[in-house]
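Per Swiss-Prot, these features apply:
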type     : residues                            : note
ACT_SITE : CYS190                              : active site, thioimide intermediate
ACT_SITE : ASP197                              : active site, proton donor
BINDING  : ILE88, GLU89, SER90, HIS229, GLU230 : substrate binding site
BINDING  : SER90, LYS91, ARG258, GLY259        : NADPH binding site
Amino acid sequence: MSSYENHQALDGLTLGKSTDYRDNYDASLLQGVPRSLNRDPLGLTADNLPFHGADIWTLYELSWLNSQGLPQVAVGHVELDYTSVNLIESKSFKLYLNSFNQTRFDTWETVRQTLERDLRACAQGSVSVRLHRLDELEGQPVAHFHGTCIDDQDISIDNYQFTTDYLQHAVSGEKQVEETLVSHLLKSNCLITHQPDWGSIQIQYRGRKIDREKLLRYLVSFRHHNEFHEQCVERIFNDILRFCQPETLSVYARYTRRGGLDINPWRSNTDFVPATGRLARQ
């Protein structure tokens, strides 16, 4: 259990509660969660964050009516800056998007601007939104994370409780290496409902070599851990930085979609540029 799982800031969320679905535009459906909830226990404040980054959302179930009442569909791409006061709670985001379904908008640009304005207000930070017509995306290949996959190891695991113990003494030698490691075994659980969240993770670093078995055991230990996607990525970044002390570090996770949304947070202390193609499970 996360130390803040029962925090009063989470009391008003619709997540985990019976909810009415509205199909007429209602910006009040959006709900934010303070990023400070997970950052404070990690000793991170707005003026000492060791990373930059964003939360990348893909909106697969986005539809509205044009001025003549004809339904429109698009795939949305949202980037929420890491400096925002709040992250966006995903169920509220889904309910908010549903409220577009029977609402008329004059132009696609009006829809984009509406999304951007409302998300900025909820997050209290910088947000960018792009809308894609389906023919722009058709035929795009399934992408893959560049790097060495560490999943195929002949090891036995019987502990699935989160711990940073595996990262202690996880580096060896004085030689500096630069490598990108990938795992598809990341599984955590929703902070509120405890439903499983499935993800692939890419860890790119320069520094003393990280023991791959210990790193994999650490990632697998998230299996019973309850936090939102964004919080898990920041925890992983902070833990690796703290225990392994690489010179540079980038952590990027792409999670499977739920409710027509996927969330793909990344954090880095270098000039990392995330690839945004969807992975095989997305």
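Placement of Cβ uses the backbone N, Cα and C atoms for every residue, glycine included.
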- Take the Cβ of GLY259 (NADPH binding site) and count every other Cβ within 10 Å, whichever protein chain it belongs to. 14
- Nearest to GLY259 (NADPH binding site) in three-dimensional space, by Cα, is which of the recorded positions SER90, CYS190, HIS229? SER90
- According to DSSP, which kind of secondary structure is GLY259 (NADPH binding site) found in, if we only use helix, strand and coil? coil
- Task: Give the helix, strand or coil assignment DSSP yields for CYS190 (active site, thioimide intermediate).
- Result: coil
- Task: Would you mind listing, in sequence order, the residues at least six apart from the residue listed as 'active site, proton donor' in the same chain with a Cβ closer than 8 Å to its Cβ?
- Result: LYS187, SER188, ASN189, CYS190, HIS229, CYS232, TYR255, THR256, ARG258
- Please classify the secondary structure at LYS91 (NADPH binding site) using three-state DSSP. helix
